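Engineer: Encoded as structure tokens, here's the structure I'll be asking about.
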């Protein structure tokens, strides 16, 4: 164990000088004597000086303080002891319920599974949310991104998915709160507690008031815990809210580490940092990790380097649209922009595929006709186009759905719609079976039977 001393502090970045024969390796964890702070080595600058990122506040630190090299990377508790607990980036409990009592700790920097160990699957994961199951179905062991600007419903959608999947799914889940609001983390904890699934969930939080070092590493902490469950042969769910903040934390420290910024001020290592995280989120022959990640889209611009880099790693992308939210249609998923590699007749079967493509065709055609309607009015359309517009408006409304987690706001009870009912409902609308019903009957209902019942009351 060599020891050194602090020679420079710039915000979250600290330079430490060690004897030349005892320079710590990159990613080693260092402890500051007399303070609770842990540092992680990022660069070796030469002459025995290393540049580190602080995993915690640097207030009260000063030059000359002694620093001890732990000789290993940051390690966190893994295994069953983490279930039902809330931890920080270093694996310390923050729920005031005593020590974790883990039997094993793993380092947070690990290699991705080799190509030979990886396993792919085509099994569908039913979410109970109509628009997602229809247009961008999730794969078991796949990676899903929820893309959306500020305030279009990423976290509410994430909570509903967690409720529907984690409660219906009997396995373990890990939730990593990366740079999000503490209130949301709190809501999530109580949601899990009330649903009696807390004993199957490990929670790791590095919220937005924490230093960038914590936000940069907390995703890896959560992922390490998920990998342990996977390697024990379980099917694990990994929820990350929000991947963008992980990128942003890297941006915050990048300039302080002395790197030249690249496009839009992001770190030059953006693609590599994202790849290191995403390549580890994968399924092996032992078990699977199904991950659902919220991705904040700055200024609603999907071509921003951060969301654009994330796109490449995903199996399904759920794009939330402000235009759809402004119509009062929730979940505000854009059925024309959202995609999934599962949307293939060989995987999901012809009926599902034809229905999904039919819905997209009708909505796309309606989008094209909107300009004509705005200028000339509905009367100028041909009979077939009038019929198509009427069906498109019904489909648009039928894509909305009351959520369980939003019952407190909406006052209407949540609905879980099975894939079979979803396909039956949309294919019925496309065939014209429900042309006689008013379009408001389709708004905020679960299955098509409920729309028929609602129409009787209108």
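Note that Cβ sites are derived from N, Cα and C of the backbone, with glycine treated the same way.
Below, the features straight out of Swiss-Prot:
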{"type": "BINDING", "residues": "148, 149, 150, 151, 152, 153, 154, 155", "note": "ATP binding site"}
Engineer: Counting only residues 6+ away in sequence within the same chain, which have a CB under 8 Å from the CB of residue 149 (ATP binding site)?
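Structural biologist: 296, 297, 298, 299, 300, 320, 322 - these are the non-local Cβ neighbours of residue 149 (ATP binding site), listed in sequence order.
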Engineer: Take the mean position of the Cβ atoms of 148, 149, 150, 151, 152, 153, 154, 155, the recorded ATP site. Which other residues of that chain put their Cβ within 8 Å of it?
Structural biologist: 296, 320, 325
Engineer: When you measure from the Cβ of residue 150 (ATP binding site), which residues in the chain that are at least 6 apart have a Cβ under 8 Å away?
Structural biologist: 296
Engineer: For residue 149 (ATP binding site), which of the three DSSP-derived states applies: helix, strand, or coil?
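Structural biologist: Looking at the DSSP assignment, residue 149 (ATP binding site) belongs to neither helix nor strand, so coil.
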Engineer: Relative to the Cβ position of residue 152 (ATP binding site), how many further Cβ atoms are located within 10 Å?
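Structural biologist: Total other Cβ atoms inside 10 Å, all chains included: 25.
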Engineer: For residue 155 (ATP binding site), what is the tally of other C-beta atoms lying within 10 angstroms of its C-beta?
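Structural biologist: Looking across every protein chain shown, the total is 19.
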Engineer: For residue 153 (ATP binding site), which residues in the same chain are close in space, meaning a Cβ under 8 Å from its Cβ, but six or more apart along the sequence?
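Structural biologist: When sequence neighbours closer than 6 are ignored, residue 153 (ATP binding site) has 320, 325, 330, 331, 332 within Cβ distance under 8 Å.
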Engineer: I need the least crowded one of these binding-site residues (148, 151), counting other C-beta atoms within 10 angstroms of each C-beta.
Structural biologist: 151
Engineer: Within the chain of residue 154 (ATP binding site), which residues six or more apart in sequence place their C-beta under 8 angstroms from its C-beta?
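Structural biologist: Counting only residues 6 or more apart in sequence, the Cβ neighbours of residue 154 (ATP binding site) under 8 Å are 146, 147, 148, 241, 242, 294, 295, 296, 320.
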